[in-house]
Amino acid sequence: MAGAAPVYCVCRQPYDVSRFMIECDICKDWFHSSCVKVEEHQAADIDLYHCPNCEVLHGPSQLKKRRNWHRHDYTEPDDGTKPVQAGTRTFIQQLQARSFPSADDLLLKMNGSQLTQRYLEKQGFNLPIMVPRLDDLGLRLPPPTFSVMDVERYVGGEKIIDVIDVARQADSKMKLKNFVKYFMNPDRPKVLNVISLEFSDTKMADLVKVPDISKKLSWVENYWPDDSFFTKPFVQKYCLMGVQDSYTDFHIDFGGTSVWYHVLWGEKVFYLIKPSDENLALYESWSSSVTQSEEFFGDKVDKCYKCVVKQGHTLFVPTGWIHAVLTSQDCMAFGGNFLHNLNIGMQLRCYEMEKRLKTPDLFKFPFFEAICWFVAKNLLETLKELKEDGFHPPNYLKHGVKALISALKSWMKKESVAEHAFEIPDNIRPGHLIKELSKVIRSVEEEGNRPVKSQGIHGHCPVSRSSHEKSSHHSGRKARRLRDHSTKTPTNLDILEHHTREVLKRLEMSPWEEDAGTYKLNMRFNKPLLPSSTEPDQKVRDNGIRLLLSNGRIIRDERQPFTDRSLYTADSEDEDDRARSRKAKDIKQEKPCSTSGMEDKAETQKPLNMFFESVKSELRNGSSEYSDISDSEGSEDNCTNQKHFSEESESSGDDDDEEEEEEEERQEPIRNLKEEHSGRRLPCDPNFPWPDHDSPQKRECPTSTSMEQEAVQGMLSMASLHYPSALPTPAKSTDCNIRGGYPQLHIRVSQGNGKEHLDSHSHKAANSDHHVKDEGEFSALDWIRQPDASCRLSPQDSCQVPQSLRREFAHEEYEKAPEDKHYLEIEHWDSAEYQPEKYDPESSMSSGECHLSDGSLSPTRIYGDTAAAVPLHPTKRPASNPPPISNQATKGKRPKKGMATAKQRLGKILKLNRNGHARFFV
């Protein structure tokens with residue numbers, strides 16, 4: 001049939017490149033060696049081959065005649081003109097007769113327990129190591145009675161193995177069963193040696209466990225990914241079977257690998273040469289010479305050491321050592337090769353030498369360049385981790401990474417990238433990896449003087465470790481990076497980014513509505529300070545947080561276990577620890593925008609039931625925002641000019657047990673009203689921030705009568721808020737904070753000599769990057785019962801508020817609010833000057849001043865909603881002041897259903913407490 005492939009041999013099969021064939025000198029047909037029972041190594045000895053068909057007519061094949069014992073081609077005439085070649089019988093005899101310096105002075109002899117990763121990292125792996133016993137080495141082997149026939153049983157007789165014809169120093173292939181037959185025959189026509197039987201994929205692999213040290217250091221064990229496109233290199237388990245006089249000439253193990261040998265039975269002799277620069281240069285020159293086999297390389301160097309490895313001994317040969325091996329008696333040995341981090345530079349140097357010498361792929365480390373890319377990727381991570389942990393990498397690793405970078409760069413050059421592109425893993429970006437690795441090693445070299453962290457101190461090595469350790473180590477590192485990032489405390493930048501998004505979301509909300517039902521009320525009421533003549537300033541700062549509420553839910557009560565931690569932000573626990581220790585440094589000042597066209601004071605009167613309505617609306621619909629940064633980016637009408645001085649201040653401390661008991665007693669009269677709102681109380685945080693959509697005006701605080709205090713008590717009871725205890729002495733002072741998502745008003749009133757003094761101090765604003773300070777002078781018996789106009793301003797009107805208002809009065813009067821109306825009226829105001837200025841801790845505590853400042857970050861605070869203004873209890877503003885904005889929506893409204901009951905309770909409380917202690921509350 002036309003186009004059909006030609007067929008050969010007695011089997012009439014087409015040509016197969018993987019099968020050895022021999023040509024018949026008579027019929028010129030080709031035959032498979034396995035079909036005609038001719039081994040590959042035997043074909044070299046045949047002078048004329050006759051196939052089975054031709055053999056009948058022309059007789060058997062004719063063998064070559066031996067004419068010498070010192071040349072690879074034994075048919076050459078022995079005229080004494082040609083030198084002895086390596087591996088021949090003459091060469092072996094001469095080698096055994098020579099004397100060499102003993103390696104005893106060179107070798108490091110130690111026990112298995114001493115050969116540790118930490119030792120090699122500290123001392124280096126530069127000299128051969130001899131371990132005379134298996135104890136503590138981690139090496140498991142078959143018993144010394146294990147024979148070549150056992151190897152055949154475990155591996156399989158049909159396995160094709162590489163065999164070296166020692167006399168010719170040529171390799172060939174044969175079946176394992178044929179080699180075993182040869183080995184067991186005492187009459188051996190030639191010397192054959194097996195040195196490359198890798199059995200990791202056979203049953204015999206279970207009988208052998210490699211030394212712990214080689215497994216811990218091995219690149220393949222540590223860095224080769226299981227899902228790699230490339231076939232994983234198996235070079236750790238070799239069985240070496242050699243008959244007497246087997247010889248392997250001088251060589252460096254492929255890829256510059258280190259190697260371990262253990263002689264199970266028999267004996268081997270190693271001829272060792274140091275890998276100095278001079279010796280390596282000589283070796284490369286010798287290897288490329290056409291007369292290589294005629295020159296004994298040991299004669300070219302200064303010293304060649306002889307090391308005898310006896311039965312039961314284990315020898316470790318470091319990277320780059322040039323060595324030859326003679327089998328002085330029949331021997332079976334096990335060994336393995338491994339790349340590692342201790343000598344990266346030398347490994348790369350040996351690999352480049354192999355390429356220059358054009359070493360066949362069969363004798364090179366499988367996928368050497370691919371594993372270098374994997375190692376580079378992992379070492380980049382390792383260096384970053386060492387730097388993150390505050391350790392300087394050891395010198396051997398630093399030098400190795402630099403050598404690796406140089407090699408990777410050379411492989412990526414335009415003129416050679418095509419040659420190396422095949423071994424670049426798909427999941428690696430070579431250019432980016434080289435750049436990042438160069439950057440990290442450069443930064444490591446610049447840092448310099450840090451303690452060196454051994455990679456084997458704690459039983460595992462982040463740079464080189466066993467497969468079990470690798471998986472656990474990488475999983476731990478991965479959890480730490482994603483670290484570990486699920487449990488890691490957020491950084492300031494993380495918090496900033498998160499809350500910037502929150503601010504932007506709030507800025508997209510619709511403008512403020514003038515309906516009181518849309519306002520949010522968030523308030524904090526401090527307990528009265530204990531009288532102290534020596535620590536007034538400290539007491540003011542140490543007012544504790546009593547309650548935190550978000551979305552109408554109590555999330556912290558110091559008298560009850562805190563259970564709902566889910567409402568914390570990611571960094572709130574960290575802030576708990578940090579906020580208590582912070583001290584006030586500066587505050588941010590804010591200039592209020594001017595306003596005009598304020599209406600008459602009569603138009604600002606707001607029925608008390610509207611205040612209750614707004615409170616209920618807050619409890620029903622309000623939500624507290626979790627924010628750590630300022631959301632003071634106002635609308636385009638906001639004319640506030642801000643300056644940042646500091647973001648830190650001391651947060652409030654905890655109150656003592658006595659104050660807690662007093663608080664319990666104070667809460668009894670209003671506990672039933674709190675139950676009306678399902679036990680929900682507004683947050684009592686001394687440091688809760690107010691938003692800065694509009695600059696709030698100063699609140700002026702005239703004194704209160706007993707009736708007004710009782711009315712406020714009932715009013716606050718309606719809002720499910722705590723009521724502070726009475727002031728038992730005229731000198732006692734108390735603090736009260738009003739917060740509703742606005743800069744906090746922290747007021748301290750001291751009663752004495754018929755006068756009241758207001759004081760405030762500034763706290764850190766955790767969700768605001770600025771502080772506001774207002775100062776004003778108050779005359780005696782001034783008290784506020786009218787809402788701040790600026791808190792009722794629309795964004796359009798907020799810019800018209802005057803920057804400075806100051807009014808002084810000689811007398812102030814009070815009007816009692818009718819009980820059926822449930823609101824309070826005040827005819828006169830004491831207007832203090834509102835002037836931003838630098839914060840002064842001392843002046844802030846002096847009497848006659850009222851400061852507006854942002855709330856500080858308290859350890860358990862939850863941040864309040866900053867999207868709407870705060871509705872305040874009804875008051876009056878004097879006609880001399882610019883009239884406040886009129887809110888028509890609040891005039892003439894009837895109380896909502898259910899408010900009558902609340903008013904009845906309020907009236908009852910007012911009657912019960914009519915003759916009680918003088919109390920006040922804001």
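Every residue gets a Cβ built from N, Cα and C, even glycine.
What Swiss-Prot says about this protein:
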ZN_FING   6-57  zinc finger
DOMAIN    199-355  domain 'JmjC'
BINDING   T248, K268  substrate binding site
REGION    445-490  region 'Disordered'
COMPBIAS  473-483  compositional bias 'Basic residues'
REGION    565-607  region 'Disordered'
REGION    622-711  region 'Disordered'
COMPBIAS  648-666  compositional bias 'Acidic residues'
COMPBIAS  667-683  compositional bias 'Basic and acidic residues'
COMPBIAS  691-701  compositional bias 'Basic and acidic residues'
REGION    754-773  region 'Disordered'
REGION    872-902  region 'Disordered'
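The residues of the zinc finger (6-57), classed with DSSP into helix (H, G, I), strand (E, B) and coil, number 10 helix, 13 strand, 29 coil. The average pLDDT the prediction assigns to the domain 'JmjC' (199-355) is 95. Reduced to three states, the DSSP call for K268 (substrate binding site) is strand. Taken residue by residue with DSSP, T248 (substrate binding site) is part of a strand.
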